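Annotated features, as they stand in TrEMBL:
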- B:T193: active site, nucleophile (ACT_SITE)
- B:T156, B:K182, B:T193, B:E280, B:N403, B:S408: substrate binding site (BINDING)
There are 2 protein chains.
Amino acid sequence: MDNERSPLAQPFPNMPTIGGVTLRTARAHYKDWDRADLTYAEFAEGTAVAGVFTQSACPSSEVEIGREQIKNGTARALIVNAGNSNAFTGYRGREAVDQIMTQVAEHLGCASEQVFVSSTGVIGVPLPKDKARDGVAKVLTAETCTWEEAADTIATTDTFAKGATASAIVGDKTVQISAIIKGSGMIAPDMATMLGYIFTDGAIDPAFLQELLCAANQQTFSCITVDSDTSTSDTVLAFATGKAGNAPLASFDDAGADAFAAALHDVCRQMAHLVVRDGEGAQKFIAITVSGAQCDESARKIGLSIANSPLVKTAIAGEDANWGRVVMAVGKAGEPADRDKLSIGFGGIWAARNGQPVPDYDEAPVARHLKGQDINIEVDIGIGSGRATVWTCDLTHGYITINADYRS
Amino acid sequence: MDNERSPLAQPFPNMPTIGGVTLRTARAHYKDWDRADLTYAEFAEGTAVAGVFTQSACPSSEVEIGREQIKNGTARALIVNAGNSNAFTGYRGREAVDQIMTQVAEHLGCASEQVFVSSTGVIGVPLPKDKARDGVAKVLTAETCTWEEAADTIATTDTFAKGATASAIVGDKTVQISAIIKGSGMIAPDMATMLGYIFTDGAIDPAFLQELLCAANQQTFSCITVDSDTSTSDTVLAFATGKAGNAPLASFDDAGADAFAAALHDVCRQMAHLVVRDGEGAQKFIAITVSGAQCDESARKIGLSIANSPLVKTAIAGEDANWGRVVMAVGKAGEPADRDKLSIGFGGIWAARNGQPVPDYDEAPVARHLKGQDINIEVDIGIGSGRATVWTCDLTHGYITINADYRS
């Protein structure tokens, strides 16, 4: 975390411990950082797991292995390596992951398939097995740590530690959810995103947990973008230890399932927003609400076309209500639209309606809105009832500075 | 042309006059510019026309009308307005185009459908009809002008005038092609691009001219991108006056058709490259050659995914051989790929082969290559014989400065 703290940063929340989850960190020295870079979470026996992963055609070994592991539905441990993504490293990368899984499984006396591994950082450098072995040995016996220390340790170019929490009443029990996430650039998740970890003491059937995570993902992580670039390592995992003692949830028919689903969705939305708030070079947080599209998925695609447009993002950076660029981004989205029914507004004020500028459009309140940190863009396609909100940040000199100077 | 001249600019070529084409410019004062902003080209009777247009779902009236006009196959005049795109202006925008078509048609004694109109500039402001009427009246009787003056007059944020020329032997005649183009930002043409005009004295059947233009477009304008943003007004028109006196070309069976097609392709490629060379903030011209893809179209899509990646573009700006970002962009393209068969090189030197870093990779010659202005990225997908080359520029602070400060 050498970069200047994002102006959109939020304080780390007060997050409850989760029964059945133990956190530890250590230094594996993957990079020349003066901080911990290896995070370990240990789970009670019987912990359920669900996950969503990058859709990249060139994923990391961690993602390939993780997709298989999820099918078993149970987890005992998570290891996160920061500073080296281990992606595009062939058999050597896979060997490093296998070694870590075996080492942790021997320590816990569990199956190696119950040990989940993630890595984030530079692409194309095999994770050094000696450093991994020493780091894992250290972390297995390290002092336990706080949520904030764990969130700091999984970070790379992030400028602040990111955590989210929520709770739900399930039957007569309170179920807690605590989550950490990292992400700053290469953010345009496609059904999954970055590295995010959700921990709950709820008792949830793994298949149902997977169903809930996929649903939340679709309206949260899949609705954010920083720079339209999709990582080879995007991963969000949810672990449910069952220590809350609630009657296990297996479907929406179970009492409290709706409440738990809402809390999980809330945590995912918080996490997704935090990633955007730490977007590389971000100065403004932008919510784009698209209504009147052919269907919800069409609205989401149009929203992402706007959110990924460098001309829209630079206009917001320049505090310019350049709605013509929004028209352009709707037009290029490849989704049904009718120019003469299209309306565009900023901060609740229509600048253009039904394919034409609003005649008595008063730019003064819009200009005031654009000077703020939280920007709202409203787009009404005018042809249906599809609706979605997506979130992004502006595109500034900071993004260029960070990414043109970063050395592989 | 207030911005600093692109470091990738090229001198305006020596372009032959085209029999049957007369050029004039005038000041319509659409913007507060101290230069001409209205361009007029008059064509001899019998001139054939072909065109390709933006695929935007929110095109300008000019594009909508142009798509209809092309079907007639003949043209007598072209008017280009610079400083106001007249896009997203509803019935008022359409009225302005109709007025211009009628005014020019009355002057020439032709059908108004034979008068083509293009406009470029800010979106959402109806083209002022009074300024258009006065400007057209002036331009119809103005002095004739040079190719370079016409190229200067169609420009907006361009930093240099762009022209291209080629010739072909058709039967016993030499057929000349001269062309002008503008474009600098909002450049990610989808089957068409920007405003480009091609003039030839060849005698070509309009349907065959359309076939040739579409084919050339697919490998030239459709293979460039500056910023992934697609304009609402993209238009390329080709006018063939027939004054060369060649036996008319109507199919590839006609003598000289191949030579003419090659010359047309050459001119389109030159024009497309010039647009990239004037990409907003561009410091480097990047050619990305993708081979081994499933098919040519898949190779083109992968190439554009790389060319549109802000992380790849900033890496090149930073002269960093960050091939991991190229892997990422291949992975997110949504096209068939196999990580373990993928190879990536810079300037003819492989950095990664078959899914792994090259063990004895010598970065020194690659570093030298990246310090130059002309950058080559080679990608071998390794699964088929599909092939394409796409062109783009790097993403620099200049792009942010131009677009965060531009006021609508």
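Glycine is no exception: its Cβ is also placed from the backbone N, Cα and C atoms.
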> What does DSSP call B:N403 (substrate binding site) in the simple three-state scheme?
Replying inline: helix
>> Among all protein chains shown, how many Cβ atoms are found within 10 Å of the Cβ of B:K182 (substrate binding site), not counting that one?
In response: 27
>> Helix, strand or coil for B:E280 (substrate binding site)? Use DSSP.
In response: coil
> What subset of the binding-site residues B:T156, B:K182, B:E280, B:N403 has a Cβ positioned less than 8 Å from a Cβ of chain A?
Replying inline: B:N403
